[in-house]
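Novice: Dumping what Swiss-Prot says about this protein:
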- Asp21, Leu22, Asn23, Arg36, His59, Leu60, Gly61, Arg62, Arg114, Arg147: substrate binding site (BINDING)
- Lys202, Glu329, Gly355, Gly356, Asp357, Thr358: ATP binding site (BINDING)
Amino acid sequence: MNFARMENQDLSGKTVLIREDLNVPVQNGKISNDARLQSSLPTIKLALEKGAAVLVCSHLGRPTEGDYEEKYSLQPVADYLSEHLNQPVRLDKTYTEQEVTVAPGDVVLLENVRFNVGEKKNSDSLSQHYADLCDVFVMDAFGTAHRAQASTEGVIQAAAKAGKVVCAGPLLAAELDALDKALHKPKKPLVAIVGGSKVSTKLDVLISLAKICDQIIVGGGIANTFIAAQGHSVGASLYEAEMIDTAKQIMQQTDILLPKNVVVADKNQINFDDFLNSLESATPIHRSIEQVGEDEMILDIASEGAEHIFEAVKNAATILWNGPVGVFEVEAFSEGTRLLSEAVKDSAGFSIAGGGDTLAAIHKFNVEDGVSYMSTGGGAFLEFVEGKTLPAVAALEANHSK
C-alpha cells in the first residue's frame with residue numbers, strides 16, 4: 001500500500017490536524033472504556049515531539065447534525081487527554097465559525113465533528129473548512145476510514161488540492177500494514193476464525209476468505225447454519241435455512257472446520273428479552289452435533305471433539321480472527337472461545353483480531369500478549385477483509401505523489 005506516513009514528515013512549526021477515532025463510551029460524563037484513547041496517544045505525542053501545533057478532531061456517538069447535545073460533547077475526552085499528555089487540552093467549540101489559535105507544543109481538541117452540518121454527507125464546504133485549519137492533515141482513524149465523510153475523505157481531497165501534506169498516522173498505518181500482511185502477503189497456512197449470529201451479515205467476508213484461506217473456523221449462529229448444511233438438526237438454535245445452499249458452496253471452496261460436539265441449553269430455560277442473564281441459570285448440556293434435541297439451542301462448541309480446531313489454530317502461520325464461537329459472556333458457554341483464544345496465544349504465527357466482541361473476549365481471557373495485532377476498527381476491519389475500498393485510504397493513496 002502506497003501512502004505518505006506522518007513519521008516521515010517535517011512537522012516543526014506547522015499546524016497539524018489529526019483525525020482520530022475517539023468515539024468512546026461515556027456515561028454521566030465518565031469514560032468507561034479508554035482503549036481508543038490509549039491507541040491515539042502515541043500519534044499525538046509524536047506530533048508534539050516533532051514540534052507541531054496540534055489540532056485533534058473526532059466524532060462521538062450519533063448526534064443530530066446542527067444540534068449541540070452535551071451528552072455527545074468531547075469535553076470528557078479533552079479532560080482525559082489533558083491528564084495523559086500532562087498538559088492542558090482545550091476543547092474548541094467555535095472552530096467552524098472562527099480561526100483556531102494553537103501554538104507549537106499545544107494541543108486543541110475540536111468539538112464533535114458530527115455536530116457540524118454536512119459532516120456525514122461529505123460537504124465540500126465543510127471539508128474545505130477543515131483543510132483551511134491546518135498545514136498538514138493526518139488521517140489516523142481506521143475505525144472511520146470506510147466512511148466518506150467531511151472529516152475523513154473530504155478533508156484529504158481538499159487539503160491535497162490546496163497543496164498541503166496529507167498522510168496516515170502511525171495507528172492507521174499499523175492497521176493497514178497488519179491487514180495487508182494477513183490478507184495480501186500471508187504466510188501459509190492461513191486460518192480464519194469467523195463468528196457471529198448470521199451467515200448473511202458475514203457472507204462477503206466468508207466468500208473473500210474462502211478464496212485465500214486454507215481453513216476457516218466458524219462459530220456462533222454462523223456455525224449452526226453450516227452444521228445444518230451438513231444435514232444435522234440444530235434444534236431451536238439460531239440459523240438461516242435460506243443460507244444453507246450458500247454454506248454448501250463455501251464448503252466446496254475451502255476447508256470449513258466445525259465442532260463434533262456442542263454445548264446446548266433448553267430454550268424453555270431462556271428468556272429472550274433478558275438473554276444473557278437468563279443463560280446464567282440455564283443448564284449446559286454437551287451433545288454430539290448429530291444429537292441436538294428440537295428444543296435445544298447450540299450456545300458454544302464443546303472442547304471434546306474440537307481438538308482439530310485448536311490444533312489448526314496452533315499450527316497456523318497466519319490467523320485472522322473476527323467473532324467469538326460461543327456466548328462467551330456466560331461462564332457455562334465460554335469454554336470454546338477461551339480455548340480458541342488460548343490456541344491463538346500459543347500459535348507462533350502472525351495473528352490479527354478485529355471486532356468489538358472479539359476484543360472483549362481477548363481481554364476477558366487475558367491473551368492480549370499472544371495476539372500480534374488487535375484492530376481498533378469494526379466495520380472498517382470487515383470491509384477491508386471483504387476487499388472493499390476504504391474511501392479515506394483510497395484518498396491517501398491517490399494523493400501520495402501530489
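A Cβ is built for glycine as well, from the same backbone N, Cα and C atoms used for every other residue.
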Novice: Can you grab the distance from Asp21 (substrate binding site) over to Asp357 (ATP binding site)? Cα atoms, rounded to a whole Å.
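Specialist: Approximately 18 Å lies between the Cα of Asp21 (substrate binding site) and that of Asp357 (ATP binding site).
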Novice: When the Cα of His59 (substrate binding site) is compared with the Cα of each of the binding-site residues Lys202, Glu329, Asp357, which one is closest?
Specialist: Asp357
Novice: Could you list the residues of the same chain, at least six apart in sequence, whose Cβ is under 8 A from the Cβ of Arg114 (substrate binding site)?
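Specialist: Sequence-distant Cβ neighbours: His59, Leu60, Gly61, Arg62, Pro63, Glu65, Tyr72, Lys120.
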Novice: Which of Gly61, Gly355, Gly356 (the binding-site residues) has the most other Cβ atoms within 10 Å?
Specialist: Gly355
Novice: What does the structure give for the C-alpha distance between Gly355 (ATP binding site) and Asn23 (substrate binding site)? Integer Å is fine.
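Specialist: One finds 15 Å between the Cα atoms of these residues.
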Novice: I need the CA-to-CA distance for Lys202 (ATP binding site) versus Asn23 (substrate binding site), whole Å please.
Specialist: 24
Novice: List the same-chain residues at least 6 positions away in sequence whose Cβ sits under 8 Å from the Cβ of Thr358 (ATP binding site), in sequence order, or say none.
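Specialist: Looking at Cβ-Cβ distances below 8 Å from Thr358 (ATP binding site), excluding near sequence neighbours, one finds Gly195, Trp321, Asn322, Gly323, Pro324.
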Novice: Counting across all protein chains shown, how many other Cβ atoms sit within 10 Å of the Cβ of Asp357 (ATP binding site)?
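Specialist: Its Cβ has 17 other Cβ atoms within 10 Å.
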Novice: Given the binding-site residues Glu329, Gly356, Asp357, which one's Cα is the least distant from that of Asn23 (substrate binding site)?
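Specialist: Going through Glu329, Gly356, Asp357 one by one, the closest to Asn23 (substrate binding site) is Gly356.
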Novice: State the count of C-beta atoms found within 10 angstroms of the C-beta of Glu329 (ATP binding site), not counting that atom itself.
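Specialist: Here the count is 17.
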Novice: Please classify the secondary structure at Gly61 (substrate binding site) using three-state DSSP.
Specialist: coil
Novice: When you look at Asp21, Leu22, Asn23, Arg36, His59, Leu60, Gly61, Arg62, Arg114, Arg147, which the record names as binding substrate, what is the longest CA to CA distance in angstrom?
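Specialist: Greatest Cα-Cα span of the listed binding residues: 18 Å.
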Novice: Any idea which of the binding-site residues His59, Lys202 has the thinnest Cβ neighbourhood at 10 Å?
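Specialist: Sparsest of the binding-site residues His59, Lys202 by Cβ contacts within 10 Å: Lys202.
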Novice: Under DSSP, is Asp21 (substrate binding site) helix, strand or coil?
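Specialist: Where Asp21 (substrate binding site) sits, the three-state DSSP reduction gives coil.
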